[in-house]
Amino acid sequence: MDRQTVQRTREAFLSGRTRPLEFRLQQLHALKRMINEKETEISTALKQDINRSQYDTPLLELIGIENEIKLAIDKLAVWAAPRPVERNLLTISDEVYIQPEPLGVVLIIGAWNYPWALTLVPLIGAIAAGNAAVVKPSELSEYSSLLLRALLPRYLDKDLYPVVTGGVSETQELLRLRFDHVFYTGSSTVGKLVMEAAARHLTPVTLELGGKSPCYIDKNCDIRTACRRITWGKFVNCGQTCIAPDFILCEPCIQGQVVECIRQTLLEFYGADPKCSPDYGRIVNQRHFNRVIGLMEGYTPVVGGQSDASQCYIAPTVLKDVPPQSRMMQEEIFGPLLPIVTVSDMDDAIHFINEREKPLALYIFCSDKKASKKMIGETTSGGVTVNDVMMHYTLSSLPFGGVGQSGMGRYHGKHTFDQLSHQRACLIRSLGMESVNLARYPPQDRRRARRVRMALRSPLIDMSKRTFIWAVTATIIGFGLFISLLVILLIASGLNCTCWYWRGFYNYFY
Amino acid sequence: MKRSPCLAPPFKIQERNLPKLELLRMSREQQAVACARKAFETGRSKSLEHRIRQLKNLKRLFAERQQEISDASKKDLNKSEAGTQLFETVGLEGEINLVIRKLKEWAAPRKVEKNLLIISDTVYIKPEPLGVVLIIGAWNYPWAVTIQPLVGAIAAGNAVVIKPSEVCVHTAKVMEELLPLYIDKELYPVVSGGVPETQELLRQRFDHIFYTGNSVVGKLIMEAAAKHLTPVTLELGGKSPCYIDKDCDISIACRRVTWGKYTNCGQTCIAPDYILCEPSIQDRVIEEVKKSIKDFYTENPKTCPDYGRIINQRHFKRIMAMVDDSTVAAGGDNDESDCYIAPTVLRDVKPEAKVMQEEIFGPLLPILPVSGLDEAIKFINKREKPLALYVFTANDKVIQKMVDETSSGGLLANDCIVHFSVSSLPFGGVGNSGMGCYHGKFSFDQMSHLRGCLIKQLKMEGMNSMRYPPHTMEKLGWVRFFLLRNLDLSSMGKMALLAALAVMAAVLFKMYLL
């Protein structure tokens, strides 16, 4: 069944109808309409999946998706156009450019924590790049995936962008088929399996995985504001965000203050009983609920800790003095538990971070610019936000992606377009000027080799129009200035003839 | 498995503080990788001065050791001295010069467009080293395809484990001897060996693997890399088609095709694999190719110093087996003891012929007659995406149609191979011909992690209240307002400048002319 769907998608792609930009723009406009018209249905589905509040849905997903669509529509002509590049002496009279091209059929495997954003943002890039796409939303966000399967064919070309639902076995079946790119968002364990499956067909992959994103709070900073921001980032979507601050690193002297500030902020955000707050989410299912509760075992939280299995509810929880070898520190929490691990200073924090796998995000709260720069310089991570959390995700011009165990490849904005295109190198020469080529033909000798050497070692020349215009303008201005300088000097030296000339000129007009 | 004396404890915590006994049990490959990782963790590969120094040393290697390099190439592939320079070392020199000149610019933080929400913050992309890169070279242009990625890897600040191809026996030996004499031997160890040694290397964990070779092994490499979630760049091959339009200067076209095809005895990943042309020009094409062969390699290519040999007996047999079911129009003679195959042209080849089933990688040039451009495009699209596509025509519309209706790693109109030497073009395959690209800045970017950095301040907390719970419709309205698409600050700046100039002009006009 899936095989036939993918076959039909490939045939639709080979028909060539995704190539014209008008078609791609039309599909993007249709997608925008879907997001705008069906916001209520999408919110309802998310409430049923993960108890997402009606405000969090547009805030966290739909506005971002709309933003991406607007950007793609606005910039598509620029992104898809041939990109001229610098030439060298050998190619000085040739046309040299990079032509972005569609890859073919892209498989997008979404995740359940932000089912719409993590499925549709890659889809936007796939459509913009001229690909066909098979969309496989996560079965854990059941209502959202069924809604997507119902809605997408009503707005987009249903042969080019089919939605395939199902669980693990359906996904495995899909991964046996051949695609031109696989875009996966999820866990590292499954990421390895996806890459292995893709290897059999030599399919390139983009893997947006996770990890434990550290959050370092310097003792000399506005701790109150820092904790407000961290609290928001941690407990939004009930901690089920790939770039949520996973754990805090701080010095023991400020630990108490951090805990207090978080406690106060939680009161402000979710009230005395977060269970009753419409803005506080739930864990997606029983299995994850049990997993997160299990991480807390043996530790007494200083804030929160209550839970209700029937509702998959876990209160916003903070734990202090957590030892690095605890279970909580061995895997990504992906839940509303915020452990605080104490370190002796920034260098200790850097050492701690570098001992572990490269995280998807790194957060640094520090007022000292030099110190933040040092931390950035001595660590690595997918992305960094200093003095806030998660915001680097919202800027389309920054490439969003992981490194090492947190993933490979990147997307958002133009980066999605580039990731899902083939950048084809094009060199258009002419059949003339054959004499230039003589040096490379056999019989080879030293003299010829020297000539070739000269040509191949020449620096790249920027023949773009802009440089040319600048060069011409600069020459004219330079010349103009030189002439005016001469004239001024002549006037200043008081040559009679010049004076006469100018006086006459003046008299003529006035 | 040899024991390497390179290492000394203590290791970093990631190596789990191995006791001395375990260290001795580590294979040579494991030790080289551990050594490189330890050296990388000292941080010395990161400074720009270090990277430039290493690159300058590499350049010295090619300046000082040209003779040894050429001698080894002659023994492996019967490459002439000038041929080695032309195809391998000169290109490398150009690449190293480019990198040295541009490194500061490439490694610096890169500005990006902002949106209203973060207009007062600092945003940039910071290129960072990945860690330990594995480069697996190939045997056909051993220096070019092993050292060029090495240049990019060093420039990006990585440590590199270099595994030259064992098939080019003499060159591999020269690489193993010379590289440690010029570049840091802990950061950039050379590990030689055959299939079992490569498999052992692939069991280790790297931060990037760069492989040049064939698709079959490419799949195995990617599968091995998947176990550690290691990103890969695969420079593979395929059958690069060459379409000759009847509307073009056939004599010049054939000269260029002949050069591209028979250089290195056809053992080039981007050699024109086969020709597609209309039946009416087939005879002329064969004539011209024969003429060019005679010009380049004399009547007896076997005695010509510029004509190469097949790398070994196995490949010789593989190529000769392909000739069976096709008609030889030129060449065809061979000598197994010398691994010599004459420059050969095959005519009226059918798509089902043996020579059309796999990449030839040898001096056989099949010509397949097609009825025109459309049939050629259909033929190309039915097959795997090639590494390169060549089209010879005087008609721009034909070229545009080829660009629009086919796909390939790269496309070159009216010449062969030379797109490899343009550092500003990304060189790489698509589909079965590979993934990722390199050359020039692309090598640097491919072997770096481009880290998105957003530096905010702890002020202006009021702005953030629109995202905090408890949520209201009003707050949401503000979010919608601020998350407009990115502002084009440069065009706003230009408009502001224009406005200022207009005001100044108006003022001057008013003051002096009225």
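Glycine is no exception: its Cβ is also placed from the backbone N, Cα and C atoms.
Since the structure is predicted, the reported quantities are computational estimates derived from the model, not experimental observations.
Lifted from TrEMBL, the feature list:
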- A:5-423: domain 'Aldehyde dehydrogenase' (DOMAIN)
- A:GLU208: active site (ACT_SITE)
- A:CYS242: active site (ACT_SITE)
- A:467-492: transmembrane segment (TRANSMEM)
Average model confidence [pLDDT] within the domain 'Aldehyde dehydrogenase' (A:5-423): 95
A:GLU208 (active site) CB neighbourhood, other CB atoms within 10 A: 25
A:CYS242 (active site) CB neighbourhood, other CB atoms within 10 A: 27
Distance [Cα-Cα, Å, rounded] between A:CYS242 (active site) and A:GLU208 (active site): 9
Secondary structure at A:GLU208 (active site), reduced by DSSP to three states: strand
